[in-house]
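Look at TrEMBL and you will find 36-52, 72-98, 151-171, 177-199, 259-283 tagged as transmembrane segment. The domain 'ABC transmembrane type-1' annotation in TrEMBL covers 37-319. According to TrEMBL, the domain 'ABC transporter' annotation covers 352-588. Taken from TrEMBL, the feature region 'Disordered' covers 580-600.
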Amino acid sequence: MRSRPFPLTLPWKLPLLFKQAGQLLYDALYPQRKQVLGLTVVLFSTIGLQILDPQIIGYFIDTAIAGGSQHLLWRAAGLYLAIALLIQAGTVVTTYLSERIAWQATNRLRLDLAHHCLHLTLPFHHQHPPGSLVDRVDGDVTLLARFFSQFVIHLIGNLLLLLGILVVLWFQHPLAGIILTLFSGGTLAFLCGLHRIALGPWGRYLQVSAEYFGFMGEVLQSREDLVANGASRYVMHRFYQILQRWLPLYQTARLSSTLLWASSVGSFTLGHGIALALAAYLWRQETLSLGSAYLIFHYTQLLSDPIERIREELEGIQQALASVQRVLDLRHTPLPRHAVDPVPIPVAPWSIEFSQVGFRYDTAEQPWALQEVSFQLPAGQVLGLLGQSGSGKSTLAALLLGLYQPQQGQITLEGIPLNHLSLPALRQQMGVVTQSVQLFQASLRDNLTFFNPVISDQHIMAALDHLHLVDWLLGLPQGLDTMLGANGEGISAGQAQMLAFTRILLKNPGLVILDEAASRLDPTAEQWMGQALKSLLQGRTGLIITHRPQTLQQADQILILQGGKVVEYGHRLTLLSHPQSQYGQRLRQDGQTGKSAGQF
Ligand SMILES: Nc1ncnc2c1ncn2[C@@H]1O[C@H](COP(=O)(O)OP(=O)(O)OP(=O)(O)O)[C@@H](O)[C@H]1O
């Protein structure tokens, strides 16, 4: 599925985006204002020391040439070393504090976004596949962490350092100040321009890289199907094609980076040459002492670091602003509308009524998935839902779960419209088993309890016993502590469905929805399923979705959908004996042939 892209930054939106980025920065950093203050003090002190330290060398040279005392020279050397050590310590503290502040701030944002994503509507999740959301919640937030820790702190720090060095150079000699200020500005502009040229090849390289990893993900996910269907040759061919495009792009990108590096080294070498010539000239003119002449050269050497850093940070700002925008877009995606003043959830089991319900996905161009669907299910009864693939069965269940809102008609629970109830609270009392059970890389216990430590082992064992699964559990190497692999590796799809049944018993919901819940069970397990269903549906309202009418022995009512419309609805036993009933006909067909032929 293609991800619907988040909007691009438009130039006229930039001031607003800067304002929003500033607000985001302020919100994120305000709770840590004391740490930020500490960081500012350390950063400014380190910058001051970096500018001060070379002055000691200048003093050392001038004192040595003037034949000053050895004692003074030793003290100057000692002070120089002590300040150099302090600068190193300051750099370590600055890095530690800036990373710590940034990660604490962005972790709050990560949690906030993950929580927001979990509560967004299903249509949103259909438009934004998991990969793109991981990129928003993790990739963009990591870029923001860099923005907070590096951009703000390093850009400000390096700008101050650059300014400080230039001011000192102006004090050393105005001519040195003018020439080296022009050199710094020119070099910064030149390197930024060059970098923009180098960005093109890297962008193209990253595009193919994303294609490569996307393809890898697809292949790994469907490796069994690919191998079983002999598609390995096709896969290898696709790999080969991607790699063939990838290599030349990488070579061009590396070459552009090398050229950028060489230009940068060349510019700074030129700067050193200019500084050396200038210092020599001023010394020969006797306008500067040898120590001051050396300082001009030394400070010029110091200039290269902040210039390089400022260039990097200025380029990073565009990326960071794009991340800010994507993060804000996600944060501002509206959550589904919940009842403002929800009616308390009635005591289960509940009666359910659909009246003239009509629903279609996404846009008006799409056909109706459900049309004029009506039924009345009394509390504690079970509705068996039949129909061919695509007839709308799962859609009906999704509407009942409140995952989508119908565009026509109304759904009520104990006579209360579904949208007057708090859906998150309601879902706490609903249990769903589908054909693809989601299992986690965790112990069997955590998989059964959904990581709820309050549920005791006795409770779990009682539920397993109820479903006649204790013997199966005893066969597992470590019982409830048995670890399941990723995607439930270690147990079969049928066993996963049995576990999903146990989950429901532990949850003790008022409404049970089983959507092709027995599709992966073998015939022996299906017998088990009959008994399990009895336990599961006892005292609960239920909805069983299936293609096989013979698995609906527990149902009180039957509803058959075709193309989203109800084509048959009534009491199971009445339909069973009705000569025109599709349900009755299919079952009679089975009885005559002795096979399960009468599927929908
Ligand atoms: N997320 C979706 N977006 C757009 N259309 C969808 C979506 N899910 C289902 N549909 C469409 O809605 C119609 C009903 O689908 P639904 O999944 O409810 O059928 P079903 O009876 O449960 O099928 P099956 O027995 O194969 O599970 C189909 O035409 C399907 O293509």
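Glycine too: its Cβ is placed from the backbone N, Cα and C atoms.
The model shown is predicted, which means the values in this text are computed figures rather than measured ones.
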Beyond the flanks of the transmembrane segment (72-98) by at least 6 residues, Cβ under 8 Å: 35, 38-39, 42-43, 45-46, 49-50, 52-53, 56-57, 59-60, 63-64, 148-150, 153-154, 157
Same-chain residue ranges lying at least 6 outside the transmembrane segment (259-283) that approach it to Cβ under 8 Å: 173, 175-176, 179-180, 183, 187, 190-191, 194-195, 198, 289-290, 293-294, 296-297, 299-301, 303-304, 308
Overall pLDDT for the domain 'ABC transporter' (352-588), taken as the rounded mean: 87
